[in-house]
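K.L.:
As annotated in TrEMBL:
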{"type": "TRANSMEM", "residues": "12-33", "note": "transmembrane segment"}
{"type": "TRANSMEM", "residues": "45-65", "note": "transmembrane segment"}
{"type": "TRANSMEM", "residues": "96-122", "note": "transmembrane segment"}
{"type": "TRANSMEM", "residues": "142-168", "note": "transmembrane segment"}
{"type": "TRANSMEM", "residues": "180-200", "note": "transmembrane segment"}
{"type": "TRANSMEM", "residues": "224-248", "note": "transmembrane segment"}
{"type": "TRANSMEM", "residues": "260-286", "note": "transmembrane segment"}
{"type": "TRANSMEM", "residues": "306-339", "note": "transmembrane segment"}
{"type": "TRANSMEM", "residues": "351-373", "note": "transmembrane segment"}
{"type": "TRANSMEM", "residues": "393-411", "note": "transmembrane segment"}
Amino acid sequence: MAGPAPAAHENWSSRLAFMFAAIGSAVGLGNIWKFPYEAGEGGGGAFVLIYLAFVFGIGVPVMIAELSLGRRGKMSPPNAVRSVAKQEGRSNLWSIAGWSGVIGAFLVLSFYSVIAGLTLSYMVDSFSGSIDTLDASNSADYFGSITGNFPLLLLWHAIFMGLTIAVVARGIHGGLEKAVTWLMPALFAILILLVTYAMAVGDAASTFTFLFQPDFSKVTLETVIQALGQAFFSLSLALGSIMAYGAYVPRDVSLPKSAFIIAGADTAVAILAGLAIFPIVFQYGLEPGAGPGLVFITLPVAFAQMPGGILVGGAFFLLLAIAALTSAISLLEPIVAWLEEHRGINRVKSAIGGGIAIFILGIGSVLSFNYWADVTFLRGTVLDNLDFLTNNIIMPLGGLLVAVFVGWRMKRISIRDELAPKSEFGFALWLFMLRYVCPLALG
Ligand code: PHE
């Protein structure tokens, strides 16, 4: 598997550019539609506490490890891990820790793009006013009519993949950095506006109870596992993205500090998303329904009733689309970096080729909503299976391998060299979490 000598990659042009890109990766559909609902259902404040413990106790240590591997290996995830393993005198097989990321990213992006396409469709329909008439009786039917429309869903999936390819094809400086320096401030601005609006016109009291009042009786083992999975997905771990971005981080940037900022921003956005959504849901007496239902069925009903709902609704779906796009580019990047290095294919061709392959796989997920809705095997539809495979197998496995490799197989001196720890206590604590706690939790 020894490919041609890989070309050295570019670096982020500033620390801020890296922060925007990494936070853009972390903040995605997971924050805006999944977290608020899971928190509300999983015991409010109790879930939030467990989630925070996982984010900072397990997610951050693994993120530091991934960033270190990326920066030390200076290549796409599989080659970065292989190169570090070689420096450390370890087996080539450790590159599986990078492979699982690239393969996982490929699979996840294939269905992530389909959902993101749906948000684009809703965004256009919101701004054009065509869904301003939805009410509780027909919103679900409308959702069904969109997802049941195979060519329409396919078209939006294609448009979203096209946007993602267009950004990644332009490279780190001309593509990713440029996109995130525009999109991330826009995302924060829209989010703050929506939270302010929701708090002003909506039912803030019920929202605080739902999201924050701890109810430990609702916490089951399943909730705990869900919180861990959500923490991993939300932080973009074990799918190659963070490791690939780590490869472009200049030497003088502190990785531990960066990881804390990324995790903090990601968590803040998740909570803010809840504060934007639930006041409106409760104000209009709607049920905080699950996952896609909350965002695509329940919220449009609220938008249709509220004054200025066309703009608020449009802004909300724009927010989702931006969040999804900055995550999608981070899923395509590890794949493109690998194609570039390993096959010597230039970036434009790699982005187009990789993107088209992902688009084609995504057709399976598009079909899962309509023609193949009844075609189920193993865990359900094609989409259900991809979701299960990535969430329950590839991600925990990838995270475990990274933790074990960095925690047990790298020399202390190399890790110290990479992290330049300022606090001995912090370093020891990180290593302890990585060696004992992370493998246990992920295993
Ligand atoms: N973190 C993103 C979200 O919350 C999803 C993602 C996972 C993006 C892994 C990149 C890598 O939606």
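In case you wondered, yes, glycine gets a Cβ from its N, Cα and C as well.
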K.L.:
Based on Cβ pairs under 8 Å, which of the stretches 180-200, 224-248, 306-339, 351-373 lies most in contact with the transmembrane segment (96-122)?
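P.N.:
Most contacts with the transmembrane segment (96-122): 306-339.
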K.L.:
Ranking 180-200, 224-248, 260-286, 351-373 by the number of C-beta pairs under 8 Å to the transmembrane segment (12-33), which range is first?
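P.N.:
Between the stretches 180-200, 224-248, 260-286, 351-373, 260-286 has the largest tally.
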K.L.:
If you count Cβ pairs under 8 Å, which stretch among 180-200, 260-286, 351-373 touches the transmembrane segment (224-248) the most?
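P.N.:
Selected stretch: 260-286, with the most Cβ pairs under 8 Å.
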K.L.:
So, does the transmembrane segment (393-411) come close enough to the transmembrane segment (45-65) to give 3+ Cβ pairs below 8 Å, pairs being at least 6 apart in sequence?
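P.N.:
Since 3 or more Cβ pairs under 8 Å link them, the transmembrane segment (45-65) and the transmembrane segment (393-411) do come into contact.
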K.L.:
For the transmembrane segment (180-200) and the transmembrane segment (260-286), does the number of C-beta pairs under 8 Å, pairs 6 or more apart in sequence, reach 3 or more?
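P.N.:
They are in contact.
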K.L.:
Under 8 Å between C-beta atoms and at least six residues away from its ends: which parts of the chain pack against the transmembrane segment (142-168)?
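P.N.:
Residues 109, 113-114, 116-118, 120-122, 131, 134, 175-176, 179, 292-293, 296-297, 300, 324-325, 328-329, 332-333, 336, 347, 351-352, 355-356, 358-359, 362-363, 366-367, 369-371 contact the transmembrane segment (142-168) from elsewhere in the chain.
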K.L.:
What residues elsewhere in the chain lie close to the transmembrane segment (393-411), defined as a C-beta under 8 angstroms and at least 6 residues from its ends?
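P.N.:
Sequence-remote neighbours of the transmembrane segment (393-411) are 61-62, 65-66, 68-69, 81, 84-85, 88, 90, 94, 96-97, 100-101, 103-104, 107, 229, 232-233, 237-239, 243, 431, 434-435, 438-439, 442-443.
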